[in-house]
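Some notes on the structure that comes next.
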């Protein structure tokens, strides 16, 4: 996850370095999110039985090499090509990790998965903050070299892991997908997360350019610090049961989190970087609460085919993220920050209305 989001606070710097627009710079993150969306579908047909540990090591080696090559890239086309290469292997790494965690200690699967979710959030946070720090202190190339060193250490640790099971890769059938989508509850959950993550990705992807718009003197490290609110995802994922209990059910929690999300986005309509920093904590709380509880709800609605329903959830989730990393860039470039946020608020109000008018469907869950 650090590799995935390391380029985000560097986007204005990379745009200047390669003489490209915000739209082209946004593709460095969008391409990985897109492949994460299609991976649950494509990987099931390309790969049959694959040793999870071997796939994890091989994919990590590719990631190590591509990060070195990213640091050496001197033009946009080459840089994007190596990000595409990373996009191809990152889903394999995440799939392998989930398979290992699900099978290495079967008595504590739920706890292990909670740690996995918290770990991915922490990785996204560290990737952003440290990339900004390294780029400001040294040079942006060293961001990718340092990631390669971290991956090398990970590979050495993985080799010591005593696990020889296969990766859990689903091969979805069209008929099964259609049957799940016929259940209106799943359609609503997927709809919610597509647009919630669309907006979240849009805010975080355009954020570095907004910071530069407010003050051209802001450094990459200062931009990276704006992402500290992302750490709220760790807190939310580890306390989600208490949150759901407090609001008396999953659907109530989701609705309240979405309303909270709407107001937190409205608060971003200001020209003060300090206020942006503070209100982004609220945005992250709203988003991660919706995401965490929606995941739990989706997994509890059907006793069978849990791998498929989870895979479809991730497909809609990451498609929203990939779209949100590109489309808002066009809006921001044409109309500015405020109009973009107003459009986001309008979209999330629609999501809130869909949840409110269909809440009775979930009372039996």
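Including glycine, each Cβ sits where the backbone N, Cα and C put it.
Summarising the annotation, TrEMBL assigns domain 'Major facilitator superfamily (MFS) profile' to 1-363.
For 20-43 (among others), the entry in TrEMBL reads transmembrane segment.
Feature annotation from TrEMBL assigns transmembrane segment to 55-72 (among others). Long-range neighbours of the transmembrane segment (55-72) within the same chain, counting only residues 6 or more positions beyond its ends whose Cβ lies under 8 Å from a Cβ of the stretch, are 3, 78-79, 82-83, 85-86, 88-90, 92-93, 95-97, 100, 141-145, 147-148, 151-152, 154-155, 158-159, 167.
Feature annotation from TrEMBL assigns transmembrane segment to 78-102 (among others).
Long-range Cβ contacts of the transmembrane segment (114-136) within its own chain (Cβ-Cβ under 8 Å, at least 6 residues beyond either end) map to 1-10, 13, 94, 97-98, 101, 142-143, 146-147, 219-225, 227-228, 230-231, 233-234, 237-238, 288, 292. Under the heading transmembrane segment, TrEMBL lists 114-136 (among others).
For 142-158 (among others), the entry in TrEMBL reads transmembrane segment.
Residues or ranges marked as transmembrane segment in TrEMBL: 187-209 (among others).
The feature transmembrane segment is assigned by TrEMBL to 221-239 (among others). Same-chain residues lying 6 or more positions outside the transmembrane segment (221-239) and placing a CB less than 8 Å from one of its CB atoms are 8-9, 12, 114, 117-118, 121-122, 124-125, 128-133, 135-137, 204, 207-208, 211-212, 273, 276-277, 280-285, 288-289, 291-292.
For the transmembrane segment (251-269), the residues of the chain that approach it from at least six positions outside its boundaries are 192, 196, 199, 203, 243-244, 275-276, 279-280, 282-283, 285-287, 289-290, 293-294, 297, 337-338, 341-342, 344-345, 348-349, 351-352, 355-356, 359, 362-363, 365, judged by C-beta separation under 8 angstroms. What TrEMBL records for 251-269 (among others) is transmembrane segment.
Positions annotated as transmembrane segment by TrEMBL: 275-293 (among others). For the transmembrane segment (275-293), the residues of the chain that approach it from at least six positions outside its boundaries are 117, 121, 192-193, 196-197, 200, 203, 207, 210-211, 214, 225-233, 236-237, 240, 243-244, 250, 253-254, 257-258, 260-265, 267-268, 317, judged by C-beta separation under 8 angstroms.
Sequence annotations record features per position, and here TrEMBL assigns transmembrane segment to 314-331 (among others).
Here TrEMBL flags 337-357 (among others) as transmembrane segment.
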